[in-house]
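See below for the structure under consideration.
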């Protein structure tokens, strides 16, 4: 752990932390660009770095991107990312009351504190979960993967049947390539490039970046509805020092909520602030007017979002299970560096993982100070025209995909994935189950093959208590969703952040 | 929208059938997993088609980004279509014209199509971007983007500067 900390404070790591956070904030602040898009576009850049520095930079982009969304939410009442919707309710109300600098600084502090608390949770919970997962055999792994698929399928707003369908289509797509059982090419149609399957990062860039370029292009053709930037107000430091220490319970409540929801797949930074905000309204005893510039409301939203980002790293690193689109891109980045997320990663590369965790903590501290003193200067990005964004997201998506393996075939895979993403959205099928299936499908097939050869009957599998618990919870969740019919009312539709 | 959904699900079914036919040729246990998936996807497709048929008279509610794409009309749709064609053609043109020329043209045309009315400004920005990235790809990232005449000249120029 100490070695990891020392690695996280080298000048290369600090550069990755600072660079990642600034890039992330800029991406997040621009409405239409998401944190996931930022991470996916910068995955090829991590080739120039060691894996730990690359991961730290991507972590910075993720955290910074999520916080950056609150800049436009507060200043122009347009959430930079869907995660900042709640922030826009309270933050923009503060800005209209002449307290824009205070709202921005409070959002930065809350985001930073949420991230720091989550990083501490990550540092201590991930090793425990990893060492527990080391005892997993194929029955436990299969059950865990079924549990992960189920939780995504059940939690999403879209109809259960279409979520299930998307998941199975994703699983079918990733059977293209070398068969893990007998090692021969399968469904490749004689195309040599398909022998190793689809490049995961190319597919994710298609899903999250190029499709966004098309949407940005369309938005650029419509009249700009961008609001007026409200920037006025006095320096916020005195008020900040007065307010923050009095809201300790709000911070703790929101951070715990964020981390817990982050650990669960499918409940990402978009849904978390709504739940945290509702909890804050329920437990807050300050008689604040929520929706009209409530300090506690803003803190609850920003703290929980950042804590959720950290929380999603726990299953990602310890079990190899992504909880969101951004986490999925993280897995793609790790595999590109030859690392397989899961319990063995912690066992084989503890220094790398601890470097990343410490880096994540430090970058959150940096984000806090940067947000307080400099976030308002990032508002210039709100002026960048959408047609410029659309064009450069398109060109970077293509060049970034090509740079992964210097291979034009990957570019065509990425373009195909873009068409697929838009097509499935038009069919009202959520992409998250597809993404989960594309990432976890090969591991699932591999574990099923091992299970087939190692266990002769279902009875033997049912003697493994951990597997039984995962399967039972999955069945219960599916049953509950079927009985309850459609889903969580009042929650936002699942969108990428 | 009903026809679109119907055709889409039939296409997915056809894809599953093609994979299923190939999976039949895989020997022994190795065929079980893909064949199971093919069966489930085919069953799912039938269910989705049945749902689409049952809901064909209900108004279609699309949300999010796709609703804007579907709702695009007239010149908007045409320019969006041109934007998509441009960037799909870009990887092919790279092989023919090289990185600098293709990227300059693609960016300039894209900017012009989407709203930048000063074509010379668009061209200048695009050219500057292309040259900077060509140099970065050669000297920092070591990405061998397809080369044309200008790219070759730039490579030899950089080589002369370095030697």
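The count begins at 1 with the first shown residue.
From the backbone N, Cα and C atoms, a Cβ is placed for every residue, glycine too.
Among the features that TrEMBL reports, domain 'DUF112' is placed at A:18-435.
Counting only same-chain residues 6+ beyond the ends of the transmembrane segment (A:20-43), those with a CB under 8 A from a CB of the stretch are 56-72, 78-83, 201, 204-205, 208-209, 212, 215-216, 219, 226, 269, 324-326, 329-330, 332-333, 336, 363, 366-367, 370-371, 375, 378-379, 381-382, 384, 386, 389, 393, 396-397, 400, 404, 496-497. The transmembrane segment annotation in TrEMBL covers A:20-43 (among others).
Per TrEMBL, transmembrane segment is recorded for A:55-80 (among others).
Sequence-distant contacts of the transmembrane segment (A:100-125), counting only residues of its own chain at least 6 positions beyond either end whose CB sits under 8 Å from a CB of the stretch, comprise 1, 63, 66-67, 70-71, 74-75, 87, 90-92, 94, 230-237, 239-240, 243-244, 251-252, 254-255, 258-259, 262, 293, 295, 298-299, 301-311, 313-314, 317, 354, 357-358, 360-361, 363-365, 367-372, 375-376. Taken from TrEMBL, the feature transmembrane segment covers A:100-125 (among others).
What TrEMBL lists as transmembrane segment is A:132-156 (among others). For the transmembrane segment (A:132-156), same-chain residues at least 6 beyond its ends with a Cβ under 8 Å from one of its own Cβ atoms are 163-164, 167, 264-267, 315, 318-319, 321, 342-344, 347, 430, 432-433, 436-437, 440, 443-444, 447-448, 450-451, 454-455, 461, 464, 466-471, 473-474, 477-478, 480-481, 487-488, 494.
Per TrEMBL, the feature transmembrane segment maps to A:162-182 (among others).
Residues annotated as transmembrane segment in TrEMBL: A:194-218 (among others).
Sequence-distant contacts of the transmembrane segment (A:313-336), counting only residues of its own chain at least 6 positions beyond either end whose CB sits under 8 Å from a CB of the stretch, comprise 35-36, 39-40, 43, 46-47, 51, 54-55, 58-59, 62, 65, 121-122, 125-127, 129-130, 133, 144-145, 148, 200-201, 204, 207-208, 259, 262-269, 342-343, 345-346, 353, 356-357, 360, 404, 431-432, 435-436, 439-440, 443, 496-497. What TrEMBL lists as transmembrane segment is A:313-336 (among others).
Feature annotation from TrEMBL assigns transmembrane segment to A:356-375 (among others).
Positions annotated as transmembrane segment by TrEMBL: A:387-405 (among others). Within the chain carrying the transmembrane segment (A:387-405), a Cβ under 8 angstroms from the stretch's Cβ atoms is held by residues 30, 32-33, 37, 40-41, 43-45, 47, 199, 201-202, 205-206, 209-210, 212-214, 216-217, 219-220, 336, 411, 413-414, all 6 or more beyond its ends.
Listed as Cβ neighbours of the transmembrane segment (A:411-427) (distance under 8 Å, sequence separation of 6 or more from its ends, same chain) are residues 162, 166, 198-199, 202-208, 210-211, 214, 397-398, 401-402, 434. Here TrEMBL flags A:411-427 (among others) as transmembrane segment.
Residues or ranges marked as transmembrane segment in TrEMBL: A:434-455 (among others).
The transmembrane segment annotation in TrEMBL covers A:461-483 (among others).
Under the criterion of 3 or more C-beta pairs below 8 Å, with sequence separation of 6 or more, the transmembrane segment (A:434-455) and the transmembrane segment (A:162-182) qualify as touching. Mean model confidence for the domain 'DUF112' (A:18-435) is a pLDDT of 85. Listed as Cβ neighbours of the transmembrane segment (A:194-218) (distance under 8 Å, sequence separation of 6 or more from its ends, same chain) are residues 32-34, 36-37, 40-41, 43-44, 173-174, 176-178, 185, 187-188, 325, 328-329, 331-333, 335-336, 386-387, 389-391, 393-394, 396-398, 400-401, 404-405, 407, 410-411, 413-418, 420-422, 425, 431, 435, 438-439, 442, 496. Sequence-remote contacts of a segment are chain residues at least 6 beyond its ends whose Cβ falls under 8 Å from one of its Cβ atoms, and for the transmembrane segment (A:356-375) they are 4-5, 7-9, 13-14, 16-18, 20-22, 25, 52, 55-56, 59-60, 63-64, 67, 71, 104-105, 107-109, 111-113, 115-116, 118-120, 122-123, 126, 236-237, 240, 306, 310, 313, 317. For the transmembrane segment (A:461-483), same-chain residues at least 6 beyond its ends with a Cβ under 8 Å from one of its own Cβ atoms are 136-137, 139-140, 142-144, 146-147, 150-151, 153-154, 160, 451, 455.
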